[in-house]
Ligand SMILES: *Cc1c(COP(=O)(O)O)cnc(C)c1O
């Protein structure tokens with residue numbers, strides 16, 4: 001099939017994320033991707049300014065990762081993790097124990113971020129059960145949060161976000177207001193009142209609090225003050241409830257430090273990692289518990305943790321994870337992210353004065369241009385073609401989360417493309433039309 005026929009088949013038969021079949025905007029056919037660049041079948045070379053949905057930390061097809069996958073594939077692509085273990089899982093486990101914040105060292109390998117979140121919620125409930133509190137089976141989450149697309153993870157994401165349609169099939173949890181205090185402003189104690197009240201009011205049924213530390217990604221690209229997390233840790237300790245930090249987007253240097261929790265100097269009881277774990281090469285995530293949580297579950301009547309995906313600890317993904325962690329260990333990403341942050345701040349600050357700008361925010365290798373109204377997808381595509389920069393705005397958020405290997409010259413080009421989108425004619429604002437889909 002030629003390019004046109006390929007794209008036509010795709011439109012008719014293949015569902016894409018948050019997209020309709022058929023009446024969907026034009027799509028690019030990706031042919032190859034290396035470093036920061038994706039090459040399309042019609043000859044474009046696009047800088048991947050969103051790291052292919054935030055996972056491609058080392059750039060596309062890092063040779064170290066490709067080689068690790070190739071080598072492992074010659075020996076064993078997969079084996080069930082029930083009844084077997086294998087060296088790639090053990091080696092990745094060892095590397096993670098060294099790389100993760102101290103004390104977080106009981107690892108459950110999951111096959112995607114959403115599944116890691118499901119596991120975290122189940123672990124929290126199983127922990128409370130083991131503590132003699134079977135009635136504690138609800139979580140508190142934050143408005144404006146995003147934790148994934150499976151039922152359990154949807155139920156913890158913003159209750160008014162893109163999943164409202166499925167409200168009836170989701171378990172019910174409680175929500176506190178989104179922290180309003182910005183990452184770059186002084187902490188204000190009143191910001192914590194909603195969380196304090198929500199937990200106090202429902203304490204008898206609450207197992208844990210879950211949130212994305214500092215960076216709320218998929219539901220609003222919001223960057224909030226780490227002071228919130230310090231208060232949250234104290235609150236959870238006071239009431240004997242667990243703190244789950246979802247570092248799937250914020251982990252692996254994205255906000256500056258290895259993990260965003262380091263901005264607050266706190267540790268969770270359970271954390272979720274994913275996305276950049278394998279450097280964007282193969283799907284893999286993990287739910288990691290503290291020794292205390294793991295021991296409590298293990299010493300209880302139901303000592304097994306009741307979860308077990310078919311592809312758990314897939315050896316190819318583990319091999320990719322090992323190679324990816326070596327890169328995270330050996331490269332000076334903290335300095336690279338500092339350079340990216342400075343460049344983003346310098347380039348994006350002037351965009352505050354655009355007529356259609358609602359807000360500009362930067363933290364680490366995250367730059368967000370929030371618009372008052374979004375432009376048409378045709379206009380966005382035109383900017384992408386003309387600038388050679390791949391951006392994927394959603395709702396009113398035009399953002400970049402570039403690979404951590406992106407050069408300053410490339411950051412300049414990315415920011416120029418964001419500016420061009422900010423200057424496009426905005427569509428009329430229709431009430432209730434918060435579109436998450438294409
Ligand atoms: C992307 C994301 C998830 C879901 O991960 P998937 O691999 O897409 O299932 C969960 N939590 C956060 C914070 C995320 O950014």
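Using the three backbone atoms N, Cα and C, a Cβ is placed for every residue, glycine included.
Here the Cβ of residue 53 (substrate binding site) has 15 other Cβ atoms within 10 Å, regardless of which shown protein chain they belong to. The substrate binding site feature in TrEMBL is assigned to 53, 146, 275, 308, 392.
DSSP assigns residue 113 (pyridoxal 5'-phosphate binding site) to a helix. Under the heading pyridoxal 5'-phosphate binding site, TrEMBL lists 113, 114, 246, 309, 310.
Taken from TrEMBL, the feature N6-(pyridoxal phosphate)lysine applies to 275. Residue 275 (substrate binding site) falls within a helix when secondary structure is assigned with DSSP. Within 10 Å of the C-beta of residue 275 (substrate binding site) there are 28 other C-beta atoms, taking all protein chains into account.
Counting Cβ atoms from all protein chains shown, residue 308 (substrate binding site) has 11 others lying within 10 Å of its own Cβ.
Within the same chain, residues at least six positions away from residue 113 (pyridoxal 5'-phosphate binding site) with a Cβ under 8 Å of its Cβ are 148, 248, 272, 274, 275, 285. Ranked by CA distance from residue 246 (pyridoxal 5'-phosphate binding site), the binding-site residues 53, 146, 308, 392 have 146 at the top as the closest.
Take 53, 146, 275, 308, 392, the residues named in the record as contacts for substrate: the widest Cα to Cα gap among them comes to 34 Å. Within the set 113, 114, 246, 309, 310 that the record links to pyridoxal 5'-phosphate, no two Cα atoms are more than 23 Å apart, and one pair reaches that distance.
Around residue 392 (substrate binding site), the C-beta neighbours below 8 angstroms that are at least 6 residues distant in the chain are 50, 53.
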